[in-house]
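To keep things clear, I will list the structure first and then write my remarks on it.
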Number of protein chains: 2
Amino acid sequence: MESTALSVGAYLIERLRAFGVDHVFGVPGDYVLSFFKQLEESPIEVINTCDEQGAGFAADAYARIRGMGAVCITYCVGGLKVANTTAQAFAEKSPVVVISGAPGTNERYKNPLLHHKVRDFDTQLKVFEQLTVATAVLDDPQTAFCEIDRVLAAARRYCRPVYIELPRNIVNAIGTTCLPRITIQEKSDPAVLAAALQEAVALINTSRQPVILAGEELHRFGLQSLLATLIEKTNIPVASTILGKSVFAESHPRYLGVYEGAMGREEVREYVESSDCVILLGALLTDMNLGIYTAQLQQKYSIYCATEKLSIGYHTYEEVGLEEFIEGLLKADIVRQSDEPVPHPLQPANFQVVKDRPMTVQRLFQQLNAFLDDDMVVVADPGDALFGGADLFIHGKTRFLAPAYYASLGFAVPAAIGAQAAAPQLRPLVLVGDGAFQMTGIELSTAARFGLNPIVVVLNNQGYGTERPMQDGPFNDVLGWRYSQLPQLLGQGIGFEVHTEDQFAEALQKAHTHTDSFCLIEVHLEPGDCSEALKRLTGSLAERIHSTV
Amino acid sequence: MESTALSVGAYLIERLRAFGVDHVFGVPGDYVLSFFKQLEESPIEVINTCDEQGAGFAADAYARIRGMGAVCITYCVGGLKVANTTAQAFAEKSPVVVISGAPGTNERYKNPLLHHKVRDFDTQLKVFEQLTVATAVLDDPQTAFCEIDRVLAAARRYCRPVYIELPRNIVNAIGTTCLPRITIQEKSDPAVLAAALQEAVALINTSRQPVILAGEELHRFGLQSLLATLIEKTNIPVASTILGKSVFAESHPRYLGVYEGAMGREEVREYVESSDCVILLGALLTDMNLGIYTAQLQQKYSIYCATEKLSIGYHTYEEVGLEEFIEGLLKADIVRQSDEPVPHPLQPANFQVVKDRPMTVQRLFQQLNAFLDDDMVVVADPGDALFGGADLFIHGKTRFLAPAYYASLGFAVPAAIGAQAAAPQLRPLVLVGDGAFQMTGIELSTAARFGLNPIVVVLNNQGYGTERPMQDGPFNDVLGWRYSQLPQLLGQGIGFEVHTEDQFAEALQKAHTHTDSFCLIEVHLEPGDCSEALKRLTGSLAERIHSTV
């Protein structure tokens, strides 16, 4: 007997809220209208984006901050538009719940050609099986609540996207409370854990210069404070991967900066690569994290622990969890490192503006560094916005968002919408190239509509700057928009066009005080200009592109 | 022995050209850069869109006109962005070739975490297996040419999309000429064909009022002139489905108009539904074609022949082809129908503009009808742009493009780019709602860049007008853009803002003479105003939405 009868849609909303979801991003359509109505009448705020792609990126950013995000769209014409954003959430471990409306179960009899259908009624499901860790078609009110519980638990457990398909005749159907889930306590094997810790501690304690390389899983699985405690206790210096950037307080004296092989600051590279004990915690070994394989980490001297793998030197241990391993290190008798200073990112100084000096990429980031404050979250698009952004001095934890592995262009502007919805006390500073801005920058419309106020810096180098050093051609050009005119189209926001450092300084200052709506600052850069990191990266990539079998 | 050594990329380009592809739409990325370079050096023109979605829609429109289209994008971050547009091409039978760059086969050893990878190297392939009729990963130069031949032949044979994945180290590898393909001549079973024709002809010849309902397959499979000959010979009146609109010359005296149940013109409905012999040729029985199942066609008196099915009355015949069936009807002794006039779409008269009269949907389409000329192709987005557009008087064959089954919003603007690239002698007239325009309208940037000059009419009814009668809420609103300001952002084109009939007349006239670039005409409409067809449709849809199990 149920005390209160809940509809399937209402139960889904209740469970999403329990997981911290207060906003849902999406675009309505007839197969999902009833659920949009339920959302609107619930405490959850619906944020309509211009296109479903924008909703997908926004939900990803929201999930990275809140621990879960949701995108709600209609069948196929909406769902398949978020295939790419869901893929990114999968690759970079972001727990996004994809909720798709669908034809009613009562409409599917005899397999009719209903609008929005591709091949069969399960085509969209089959696509999302490739892109998520769990899927559910809520075609039976009897099991719908259990199914919702199952997939939301999977999203949280694996920090990866899940897919829920909601036939429109089920939304308002009353469901059945499910029995408490049989949950399996995942525990490390005590003997294996003890052996691994013993070997790790011995390696650390006999090393000359241990260093920790911190990755994004520490953030995704809520282990940031554990890392901080470990650093306090052992004094071991810590670098982060580019995907993990801001996982550790960058103002901390033991923080080295971002390590990414040849792409990162040279002093960080030297420090990490001269270490005789690199402890990688929660880091994916991606090409980007490894500076496109320019990283020189010696496996013999490495301790690698992530949620799906633990290896020390040349051998691996199975059945050891990341959290328990770090807890074990914390309890172990690790020699405290000396206070001898380590390389540290330069604290941003007052930037000395040179009047009429044309903007350069390098000085743009220096100028931004002096502008960043405690109340900002940086959202960077792939490309030089990300590579240059890697050395920004981030003030708080998880205040730097970027798809630094999957690297889908067009992430940053819609992600800023998700970030600010998730953390209204933070103002997004968006760094985006002109090519990427032309993909999704129009979602500033959504920011304007929902009263958000990101500061968007468009790095205008007249095309796909990342690709030019690899292989140039007219296909790397984009049309020269007058980006600062966008507020005229949208009827909100203010725009700036910047050629020189003093103009940029003035625009930043005005943007700082204009908090009513978004600010867009177009910065003209020389097409050939790019960050040192990008030069090193693309040189390395070019070799691969021109190779044949 | 090969006489001339061709690389895999060069062979693909050669074969695409043989199928009529002179333009490829896409966005480059590092995994596909070498192939973009090959394209640039070939006779094929590359049309870069702002976002991959735009390229996908453009290629779809191009394929509908040329018989094949191609979209070229990078691995996953590009490919998965065209999942939805490919799904539409599948659903509506449009032969789009999706060409995706990919990591080199020499980079895949030990399954490294290369950027843009989702789960495994074949994740994108598995997604496109759901959305295409053939796929090929060109991982071996020895077989690559044969594989290219195989999938391009499948695209043409089934008029549906195919997927080609091109690892970047294979692009410039020399391939091996493949032996002539063993092609199977698909022939109808002569005895079955004869029996079917005998029954069909008997049914037609004993009927009081036969009528042909012509669908999109006649266009896709090149059977339009066969239909025209059949009409000339038999004098049977012909209506088209909404998806097949413009498959038959609308100026022809035997043309009735679009039949779509309760959604179409009442006189067409009455004529078709009072027929005692409806001959459906190449028409998909979709909900949209059937006026959301308001169509009253009696199976007992129907002859239904499409590429995948033939049924007469209550039984079906197998192994009969659409083309041979129509050829059979042509050769058969069918009684010629009388010349008694049939309902015919109203020829556009001179539209009498009333000064200061606010625009309405109904009169907007009347005004457009008088404006349309022989050198235009109408491209309509789903929604009232499509429903109202159904009764436009189209001057030429295949001069009306719309996704009238899959119905993905945002098709029209990028499709106009594909349409004009495919048929430069035609000027696109784009009909698009404000909601759809906010999804992809920014692709006018691409039109501007490549010297195209569509006339875009934005039907601004302040949101998703199709959905309001079904279930309204703030989620159906969109931000009120100043659409006519878009040319200022792009630095090209001209914009008009229209409230009244005389303003619209003036804007159309100026657009007619301004052929240098695109023209955007924003038409303000009352939010509650919509076409009669839409009112009837949404009333029918609302019943379904509110139904529960």
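Note that the numbers count up from 1, one per residue, in the order the chain is shown.
Including glycine, each Cβ sits where the backbone N, Cα and C put it.
What TrEMBL annotates here:
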type    : residues               : note
DOMAIN  : A:8-111                : domain 'Thiamine pyrophosphate enzyme N-terminal TPP-binding'
DOMAIN  : A:197-299              : domain 'Thiamine pyrophosphate enzyme central'
DOMAIN  : A:396-523              : domain 'Thiamine pyrophosphate enzyme TPP-binding'
BINDING : A:D434, A:N461, A:G463 : Mg(2+) binding site
**Item:** Env. residues of Mg(2+) site, Cβ within 8 Å of mean position of A:D434, A:N461, A:G463 Cβ
**Value:** A:G433, A:G435, A:L459, A:N460, A:Q462, A:Y464, A:G465, A:V478, A:L525, A:P527
**Item:** In the chain carrying A:G463 (Mg(2+) binding site), residues 6 or more apart in sequence that have Cβ under 8 angstroms from it
**Value:** A:D434, A:G435, A:N476, A:D477, A:V478, A:P527
**Message:** Below 8 Å Cβ to Cβ and six or more residues apart, same chain only. Which residues does that give for A:N461 (Mg(2+) binding site)?
**Reply:** A:D384, A:G433, A:D434, A:L525, A:E526, A:P527, A:D529, A:C530
**Message:** Mean pLDDT for the domain 'Thiamine pyrophosphate enzyme N-terminal TPP-binding' (A:8-111), rounded to an integer?
**Reply:** 97
**Three-class DSSP secondary structure - A:D434 (Mg(2+) binding site)** = helix
**Asked** Within 10 Å of the Cβ of A:D434 (Mg(2+) binding site), how many other Cβ atoms are there?
**Response** 25
